[in-house]
Structures are given as structure tokens and as C-alpha cells.
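Listed in TrEMBL for this protein:
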type	residues	note
COMPBIAS	14-25	compositional bias 'Pro residues'
COMPBIAS	42-51	compositional bias 'Polar residues'
COMPBIAS	287-296	compositional bias 'Polar residues'
COMPBIAS	298-307	compositional bias 'Acidic residues'
DOMAIN	167-249	domain 'Organic solvent tolerance-like N-terminal'
REGION	1-58	region 'Disordered'
REGION	287-307	region 'Disordered'
């Protein structure tokens, strides 16, 4: 059999002819690059929704998104396992160490924190907790024999904790902070535990405030600051037992009772009422059902008073 001629070690081998590039294919016909090339479109972020239907048949949605890259934490889905009874919910653990964290959108509020655990029922509603925490996948040998905890059976470790100011809320121009979020399908309420602090930049001023908690009524799309609510601007201080807060309309409604009315003071003018409508942009107030108000000019209180 003829042998190939040996190559001269001093002389490089002739270059192989370059293959002709094939005609470009349509995007849907182009296979994914197995070599790990950068994708041209952003990767899909792990996302789940809890859906609640109100009495009018309207669906209200809570969206939960792990915003960071895969290596920043975990996104675990624990579906019902073999032998689980019918109707067993699916559990989700999102832990995100990236700066953008886990994002929850409910009503007018965009809420972020490092970690969220959601339980989704077959009907679409469920429960949600959100706060500080840590999570990781377990090795099979770490799972105890006969384990009953749903997450451990799914080979996931997760621990949520409360931490002041770890839960961030943005509603329009207002930034709020709390320590822990819980949502219950039984009540339809999402509650952020305090202490709550918030701030809103205004054209010529800055509004600051505090409360014990924030409650979001998912069905009725209503956000309320509850418990010892205080709003402070440069020239006005207002207090109430609760405040319905709607930054998108520049309105806060301070609510009280005849025994403990809402109160707003500017200088020596003090307004007390069952309800006070507060303009979040101008700090102007209008009262309904005033209770014992006093004005610097000695004027009498009346419905619709606005010092």
C-alpha cells in the first residue's frame, strides 16, 4: 500500500479550504448554539402568579419574579410527589442574592426582598411569605428518612427571617420599608409588618412618615397604612389610626373615630376629623366631619374645613 509522503517539519501544512457559509436560516429554524454563545434575547426570569377572583368575577394577580441570574440564589419548584393526595399545592422558593432581588407586584405596589416562599393551590390562589433569608438545594443524603416537611422532601432547604427595612416597597413616588410580608388566601390581604418608614419627594418639600404596618387588599386593590400613622412635611404634621394611600392619584385618606379622630396641624391650625383628605403633592387637607378643630384666626369648624 502506498505510504503518505512525510511533511517537511520546517514547512507548514497547507491550509484547509474554508467551508462556504450556508444561507442564513429563519430565526425559528436556527438551532440553539451548543457552544454557549451569548443569546441575543434576554433569558426568561423565573415567574409565578397567584390569582384571586373577586365577587365580580375579576381576576386579581400577585406576580412573583426572581430577577437575578441563575447563579444568584435558587429558583426551586416543588411539585406534588408520588403518593401525595389530590389537591396538594405546589411550593416555590425564590432566593436572590442579586441587587434586584425577588420582586412581587401587587395592586400599585412593587415589593422587593431577598427571598420569597409561595404556596400555590390548584385553583391559582395561595399563600406568600417574603423577607430576609437563605435557601439552597440539599444533597440526597441530607434528606432525613421519612421526612414530612414538603421542602425537605423536595431536597430544598429554606429559612425566612424578619429584618427591619429588608422589604422595600415602591408606589409611584413613595418609597416604603418594612420587615416581613405575608399574604393569605383566606383573607385576601397582603400585610407588611413594621416598623414601616416611608418618604415621598415633592416639588418643594419632602413627605416622611411611619406606621405599624401596611395592608394591601388584593381583591379591592386598596393599600392602607395601619397603626399609629404619622405623615410629616416641612409645615404640616398629621396623624391617624389608618391611612388609605394612593400615590397614583396623589391622595391619602386619613381615618379616625369620634373618640380618636384623625389630626392634621400646620402652625397653630389644628384640624381634627373622622376623615381627612390629604394631597400628597401639595400637603393641602380637606376634612369630612370635623371634630373639635381649632384655627389660628379663631374661625369655626365646618364640613370641608381645610386650614
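Each Cβ is built from the backbone N, Cα and C atoms, and glycine gets one as well.
Residues 59-67, 75, 92, 94, 118, 120, 124-126, 128, 183, 185 of the same chain, all 6+ positions outside the compositional bias 'Polar residues' (42-51), place their C-beta atoms under 8 angstroms from a C-beta of that stretch. Look at the compositional bias 'Polar residues' (42-51): DSSP puts its residues at 0 helix, 5 strand, 5 coil.
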